[in-house]
Ligand SMILES: CC(=O)SCCNC(=O)CCNC(=O)[C@H](O)C(C)(C)COP(=O)(O)OP(=O)(O)OC[C@H]1O[C@@H](n2cnc3c(N)ncnc32)[C@H](O)[C@@H]1OP(=O)(O)O
Ligand SMILES: O=C([O-])CC(=O)C(=O)O
């Protein structure tokens, strides 16, 4: 299991994450780290790109050493069940930005959600804690890159309102590929050691443009089609809230900040992250890789579950009322299971406890909307669903995941269009998966190509001798 304890091996720190010694972080800012030493100098803060430029050779060396010393060691067996079972449990990916512990949940660069809240002005892509000044500079850069080409605006405007917002989103991200620096550089024969520089530019462009893309879809489908301008001196979340039409509500902006943070990354094996990695490994540019990722996020067992949760709760409310007894709710949950459907928002491929992202949202709800009827229903479900799923006996994790909570918070603030919710998830997910995609090219990760077998071959291997 890769967990918090795994950061240390034989008393030695083994990762960049571990190199960041937590108590020091609270004492000095801005901080510069170099290699395995910490806190080397306090100086004019470096830009994200400059810092990456310094870190990449160190990481390349670190990986070279790790491969040399441990390359032949096994990370575990692969069984026939695993091959048939969606590769669950196979440890076959490296993902630097976050690691998911089945019990503790997600850690971003070694920090739990609560720890991140304590120490971060905002997380960035390097594994280091940026200073407020660095965050301000990054916000300004994102705002400066945020305009989208007019043909992409037209493309979005021409979509029928009946086309699901996620399909519009993926379409628009694919179209942004028109201006890919990486694709152009590849055509001109750039050296592979420089790939990451172009990936960086594309990733920054794409992340910057997403509020305008996603916001335009929202304004077209649900509002008057007018898209308010981005404010260059404001941060990403504020600007996104503004485009959506909710910037006047500071609690909503706070919610969006929380939302965009907790949905950003969930290690490498989930569908949206792995798709970005897989497609990018063919040297497809970030726009192509991320639009593919969005298509995976749009599936109801993955990101679309946030939409499904709200739909399911409304159906339940219609069927059994707004203040049902525990017994009636229990019966409703059983009926869902008996009709061969999943209870959306519950279960997880890796987690085995309540998702800390659920807990963070619950905390927000307790502070801002403790008496909201939908929040009360969600809390009631939290008390009932795990017991039913346990009794049902199939689900390996009966506890709620991130999607069980996000929708009803948005409902409370008036963002009631549930078909849009996965778009918010997608904007956030870009931060994690595109950061990793830059690292993928910087570290020279190869094209992904696992081996497959047929059932015939499995039988031959295990039955015929
Ligand atoms: C951001 C995210 O992507 S978080 C996940 C969002 N998705 C959902 O909330 C949808 C509901 N949950 C699920 O469908 C699943 O729990 C998943 C897709 C998240 C994980 O799937 P798995 O790793 O295959 O889960 P698990 O190993 O526990 O599945 C075993 C069985 O329990 C079932 N099961 C799992 N979760 C649930 C659930 N919430 N309701 C009913 N049945 C469930 C599976 O469908 C499977 O049934 P099967 O043997 O008939 O195929
Ligand atoms: O980790 C997973 O498989 C799904 C998930 O919660 C996420 O991607 O956020």
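Cβ coordinates come from backbone N, Cα and C, glycine included.
Given the structure is predicted, the values throughout are model-derived calculations rather than measurements.
Pulled from TrEMBL, these are the features on record:
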ACT_SITE  302  active site
ACT_SITE  348  active site
ACT_SITE  403  active site
Spatial separation of residue 302 (active site) from residue 348 (active site) - C-alpha basis, Å: 10
Separation of alpha carbons, residue 403 (active site) and residue 302 (active site) (Å): 9
Conformational class of residue 348 (active site) under the three-state DSSP mapping: coil
For residue 302 (active site), the number of other Cβ atoms found within 10 Å of its own Cβ: 19
Least surrounded among the active-site residues, given as 348, 403, when other CB atoms within 10 Å are counted: 348
